[in-house]
Every structure is written in structure tokens, then in C-alpha cells.
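Written below as C-alpha cells is the structure these notes are about.
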Amino acid sequence: MYAWLNALPKAELHLHLEGSLEPELLFALAERNKVALPWPDVESLRKAYAFNNLQEFLDLYYQGANVLRTEQDFYDLTWAYLRKCKEQNVVHTEPFFDPQTHTDRGIPFETVLSGIGQALEDGRKRLGIGSGLILSFLRHLSEEEAHKTLDQALPFRHAFIAVGLDSSEKGHPPRKFRQVFERARAEGFATVAHAGEEGPPEYIWEALDLLKVKRIDHGVRAAEDPRLLERLIDEQIPLTVCPLSNVKLRVFKDMSEHNILKLLEMGVKVTVNSDDPAYFGGYVTENFVALQESLGMTCEQAERLAQNSLDARLA
């Protein structure tokens, strides 16, 4: 079944580039940039990946991102991910990157963007992988900080297809970023947002009504609100679901409890994605395999999920 699922043409619509930083590359970049790490070797770092919730993961994620310093680093990070896409027949990807994670460390915005952008361009030319980059605001920071990031991005507007919202969800509702999203839309960007992962269904309503998003990232807690489900089905608003991530971060205790196939059968436009694959134990194919092994996903369901991802592209 792995080979068949791997060969299925699919798009990935929920992937954080910084979250695809594998331990081996992290160590190589640390050595290249002479960055001291708190782990003595790759194995120790892998063991540190046994976190229990979103905040513990984010603490590790931001520590790992600290090794990314130069344009070449960002190129190497993105290229490693694109090679994995090629291996798994991901024909199109719309990755997120978090400029604030890097600009707050003194890395120039254009350094980050140049490295990522060049790799995506090479991915199109050399690997045949379509792509569109999404600039994501960090929700644990202020809306004022998000406005500054948008200011930095505007001279490079051609490089992005959308703006998004990620990081710690609890206590940071979408309404906090209403004005910056309004401004981004006025500048011609599509909008997406993480909502309904650890946060309540109300956050999904806010993302739809206040941020006017085209897609909801995660969104699994929509199942708690029948009226919201009805709207998602009626308007065919895609959810970019990340099964392995959800289990690793305890959104579901076990993959056997995941609701993605129930949502699919209800008519919700759900898609399968890897989120932060270096940290969550698998890329897109591994997420499909987990659904097949734990939920008995059929070939027909897998084909529908893959087609949903291709249909839900912004670029």
C-alpha cells in the first residue's frame, strides 16, 4: 500500500519550511555557522523530539531555526524538502515561512526570501514541482509586529501568493489580526489561517468572517459545531489537516480517534498534509499510510483526499 499511496499525485498545502529541518541538516548548518547546540549529537536531538504539546514543540522549533543564517542555509532547507516532495509525488506545494522567526534574530528579510525563492524556482525547473509561498504571521506576537512584517514583504509581493497565521493558538484568536489581514487583502494577497487545532470552533468562525480566509489550516475542531460543519460543506472551504501532527501534539490521543475520514464522508473538503514533518515523524505519504493503518482508509478515499489537495490550491 505504501508504494501505491506514494505514487498518488498530490499537493501539500500545510507545510512549515522551518519544520522540515531534519536533525542531520540542523547539525550540518550548526557546524557551518558555528552555532553551539544543546544536544551533543543527532540521536540526542531525535530524543528531544518527544514533546507533549504545541508549546513544547514550538520551543524546540524556534531553537532549531536558530541555525538558519545565510541565503544558502534557507536554500538548502527548502531544497531538501522539495527533494522529498519529488520522492513522494507531491506535484505542487504551498509552504509557509515565518519571517519573524528570522528577522527577530537579525536575519534580513531578503536573505530568507532569496534562499527560499531560488530553491522553489529550481524546484519548478529541475523537479517539475509547482509552488506558491505563503508568508505567515506569528500569532503570539502583536498585530503591530505583523504590520511591520507586511511592510517588509510588500517590495517582494511577487514572491507570495497569500498570508497566513500560525504559532501558539490558545489565547490568540484570529480577531487579534483583523486589520493586518484586511490590509493584506487590499494589497492583493489571498488569506489562510491556522484555526481549530488547539483553539475552539469559534476561532474558525473568526478566521472565515473576520480574516476572510480561503482555507482553514487544521480545522479539526469544526466537528464540535454542526452549524460550522454545514457552512464548510456548503461553501466547500478546504481544511488542510495534518494527522501525524495532531496525534503528536495530543489534539487526538491516538490516530484511531482522528476524525478526518468522518469529515471526508460528510462532504467536508479535507486534505492530508505533514505540517512539520521533521518533528512529527513523517511527510505526506507517511500521513496517508497512518490513515490507512489506523482508520482503514480505502483507495477510493485516498484518491478523494489527494484530489481535494489538488483542487484546493491557491496557485
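In case you wondered, yes, glycine gets a Cβ from its N, Cα and C as well.
Annotation source Swiss-Prot lists Zn(2+) binding site at His14, His16, His194, Asp275. Taking a C-beta cut-off of under 8 angstroms and a sequence separation of 6 or more, Asp275 (Zn(2+) binding site) has the following same-chain neighbours: His14, Leu15, His16, Gly19, Cys242, Leu244, Ser245.
Taken from Swiss-Prot, the feature active site, proton donor covers Glu197. Less than 8 angstroms from the CB of Glu197 (active site, proton donor) sit Leu54, Glu169, Asp217, His218, Gly219, Val220, Arg221, Asn246, Leu249, Val251, each of them six or more residues away in the same chain.
For the recorded site, His218 (site 'Important for catalytic activity'), the DSSP three-state label reads strand. Annotated site 'Important for catalytic activity' per Swiss-Prot: His218, in sequence order.
Per Swiss-Prot, substrate binding site is recorded for Asp276. Around the Cβ of Asp276 (substrate binding site), the same chain contributes Leu15, His16, Glu18, Gly19, Ser20, Phe57, Tyr61, Ser245, each under 8 angstroms and 6 or more positions distant in sequence.
Same-chain neighbours of the Zn(2+) site beyond His14, His16, His194, Asp275, judged by a C-beta within 8 angstroms of the site's C-beta center, are, in sequence order, Leu15, Gly19, Phe96, Asp166, Asp217, His218, Thr240, Cys242, Ser245, Asn273, Asp276. Its Cβ placed at the centre, His16 (Zn(2+) binding site) has 27 other Cβ atoms within 10 Å. By the criterion of other Cβ atoms within 10 Å of the residue's own Cβ, the least surrounded of the binding-site residues His14, His194 is His194. Asp276 (substrate binding site) falls outside any helix or strand according to DSSP and counts as coil.
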